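> Below: one structure in structure tokens.
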């Protein structure tokens, strides 16, 4: 089977819509070609947050749920909503894996470590879930509880960890001082996902080895000291509690990792559980002690096959007949292309949790989805992406144009990470450069794919970010938004429906463009108006 006109889904990560403002990097970048696209082709303002992507009302969207819904064609109740329900009903205290972990700790007279991103951002985690497990452990009779906290500052305002941890200390006091904050680490270190193992090693030392790493005697003083040297929550240097020097993770201990979103939990969790994981062959871990075979590790959700612990509190239920899977069954040839930072998003997440591409790292002969191929473009090795706001967008486009010229693919999924990853740095001017870079790349792609190869581009985003770099309090905003996002379709011969456009309707719309029947699993309709 071959489609008449190939489709290219271009996902501009973190590219939202907002009123003109000094903090609107999208608008201030003067994306001339995008303006031309909007004047030439039909386009919509679409929902990409809250109930439209399976999240609680008014919850900002994120890259994971955005890509899931772009490929799903249905609203999928997401991890945050599920775990909020489990917490509200206290079912989390009855979860089989969690209860068995309590039993394990009591049997071994060992420590229970609660590790995760401690914030209310709701993108990777929510501290309510960790606190619920903490309270359940106390009820179960566990008294040796260690908190290995990861601070946020990226999906929240930059400096909220102080107040969050102050409240946790008060909660510990209210519970007869059961529990201690054993270590702290900014997510820059503990939640790296780009194989920067030197960062992971510092976090690992704070949790496990207690050597060659900072320490503190008062966690709140330590955070204040970090703030004074312009380290916000994301960048807090890992440290352990001197009053809990022997409270490091050790043999017979258990650790519950409370992050529910996989991508930034994979690396540190794989290091903690899998001696064959590539980090252990790196220079950063050449002299580290591995204890993963002597502990019980529980993840809230399935992260990756590289996390070798079998203990998953809420095992996944991957979606069926997502766009990529459906096109594969029909014999259509497809390509996924992105840089390292977002390769999992155009594979694992876009495929509804089905790991056909080994979380984006598979070689083409290892892909288990028929007729599917991948181009992984390395991300730049820089400390933060405002140092290179172009990221790897030009290199992605160069490779994509090579692929387009082959005339082989019926469907291409492309991710440009710039608006999101540079937006997360809080650097407004750098984010404007990032947006302008994408404007230039879109023109290159359009001129080749649409004008020379008769293709149709569907240009959209997974969530907002770069359009609000300064919040209503005139503070730097590094987090995602609830903004609407554009959907531009480069076909002058169609009209688009204006009733409740949403990114979850992109998959059926693409099938409609291909003149292919929409499967029953895709419960949402196409946005093309045939009247």
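Residue positions begin at 1 at the first shown residue.
Even glycines carry a Cβ here, placed using N, Cα and C.
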> 63, 462, 463 bind Mn(2+) 2 according to Swiss-Prot; which of 13, 398, 407, 410 goes with them?
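Only hit among 13, 398, 407, 410 in Swiss-Prot's Mn(2+) 2 site, alongside 63, 462, 463: 13.
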> Given that Swiss-Prot annotates 124, 154, 155, 193, 261, 262, 263, 264, 342 as binding substrate, state which candidate in 187, 199 belongs to that site as well.
187
> Which of 311, 480, 530 does Swiss-Prot put in the same Mn(2+) 1 site as 420, 424?
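Site partner of 420, 424 for Mn(2+) 1, according to Swiss-Prot: 480.
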> What is the separation, in Å, between the Cα atoms of residue 63 (active site, phosphoserine intermediate) and residue 155 (substrate binding site)?
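So the alpha carbons of residue 63 (active site, phosphoserine intermediate) and residue 155 (substrate binding site) sit roughly 12 Å from each other.
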> Rounded to a whole number, what is the top Cα to Cα distance in Å among the residues the record ties to substrate, namely 124, 154, 155, 187, 193, 261, 262, 263, 264, 342?
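Value for the max Cα separation, rounded to a whole number: 17 Å.
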> Considering Cα atoms only, can you say which of 424, 462, 463 is the nearest neighbour of residue 155 (substrate binding site) among these binding-site residues?
424
> Out of 13, 262, 462, point to the one nearest residue 424 (Mn(2+) 1 binding site) in space (Cα versus Cα); all of them are binding-site residues in the record.
13
> Given the binding-site residues 124, 193, 262, 264, which lie within 10 A of residue 13 (Mn(2+) 2 binding site) by CA-CA distance?
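Near residue 13 (Mn(2+) 2 binding site) by Cα: none of them.
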> Enumerate same-chain residues with a sequence separation of six or more from residue 193 (substrate binding site) and a Cβ-Cβ distance below 8 A; give 'none' if the list is empty.
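In sequence order, 263, 264, 266, 267, 341, 344 meet the Cβ cut-off.
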> Who sits close to residue 262 (substrate binding site): which same-chain residues at least 6 apart have their Cβ under 8 Å from its Cβ?
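The list for residue 262 (substrate binding site) reads 64, 301, 302, 303, 304, 344, 348, given in order along the sequence.
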> So around the Mn(2+) 1 site, 420, 424, 480 aside, which residues have their CB within 8 A of the centroid of those CB atoms?
13, 14, 62, 63, 154, 419, 421, 423, 463, 465, 466, 478, 479
